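The block underneath contains the structure these notes are about, expressed in structure tokens.
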Amino acid sequence: MEQLANASLGRLIGAVLIVGAIMLVFLGIFLYSWLREPRRLINGILFSMFFGVFLVWLAVLIFNTDNEVFITFMGLLFLALVGVILLTLIMGWALLLWNAAIVWKRESHTLANMLTLFLALFLIAIWAFNLLNTSRFLPAWLNVLLGAIPTIGTYLVFCSYNFLLNVLLYQFVPRNYRQDYLIVLGAGLIDGHKVSRLLGSRIDRALVYAKKQEKKGRPLPKIVFSGGQGADEQLPEAKAMADYAVAHGWPAELVLLEDKSKNTLQNMAFSKEIIAADFGSEQEPRIKFFTNNYHTFRAGLYAKMANLKANGVGSKVRLYFLPNALIREFVAVFLLNKRRHMIVISAILVITLFATIITVISH
């Protein structure tokens, strides 16, 4: 009996060690990729692979232990997690409608602020379509052809999950308070001349960062305020931001203006040129950019496209604002990689078409 118990314990330890070793390998691969270059979508996939193996390792540990308190606690934690996920999936449309109502009450009634409403209505339509079971009224070949829709939908869900995970991971990029320059990305001005609350939060975050760097005994960085002048604006966004910063105590001699850009890619490219001209050294300047938290990852992708070695720090926004903002960010990042996505979606459609032809021939 004792030998049997020892053998069982040995198998448990072996399983825990093997799965644990695999988990550490995946963790190492993820950390190497993320710390080396956090502005890559593959980091979300690598983290998911690590986390999946971690869950397997945890399951092996839980189901092979004799500690009832530990088993009960982990079981309740697992059930709570599953419950939250299921509730979100089942009631997602209701949460989106709730958010749409809050945004409608507090923000302007623009198309960009109604994305959660459109997504909620789309989910309700899918739910109603499945509830009516309309597939029973359709010929077999058409059902096969329509099968491409949920397949493409699953792919889009995976892409959105990976995007959201990358946005979350990007918030934990090391701050490294040793910067030579900070870039604050512009946004639209109120009444054509006033800094908005959203834009002000970006500037405030950069000022807090700079002062914290100074408290650590390092020199204050220069701040590049980046933003051109829109058709409905009375002055460049960069000038309005600089005035705001100086009014809040920032030294004017540590201000640089980039007032020609029209989009985020130009923000990065033009700011890079200004910094290169100002730095006057063969060494590479250390740079951080500042925007709102939901925008940091996409802005980081643009910085990478501009060959600007810089990661971002995000200022917080109100929670009700995030869903619409993240939907916009996902669409923008999706379109940045549209060629890759078109290849995948085209492959799904071709496979579905072949399956439809086979179904027609077989009938």
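Heads up, the Cβ atoms here are built off N, Cα and C, so glycines get one too.
According to TrEMBL, the feature transmembrane segment maps to 12-34 (among others).
Here TrEMBL flags 41-63 (among others) as transmembrane segment.
As annotated by TrEMBL, transmembrane segment applies to 69-98 (among others).
For 110-129 (among others), the entry in TrEMBL reads transmembrane segment.
Under the heading transmembrane segment, TrEMBL lists 141-169 (among others).
As annotated by TrEMBL, domain 'DUF218' applies to 180-330.
Outside the transmembrane segment (342-361), and at least 6 residues removed from its termini, the chain residues within Cβ reach (under 8 Å) are 140-141, 144-145, 147-148, 151-152, 155. Taken from TrEMBL, the feature transmembrane segment applies to 342-361 (among others).
Residues 92-94, 96-97, 99-100, 103-104, 323-324, 327-328 of the same chain lie 6 or more positions beyond the ends of the transmembrane segment (110-129) yet place their CB under 8 Å from a CB of it.
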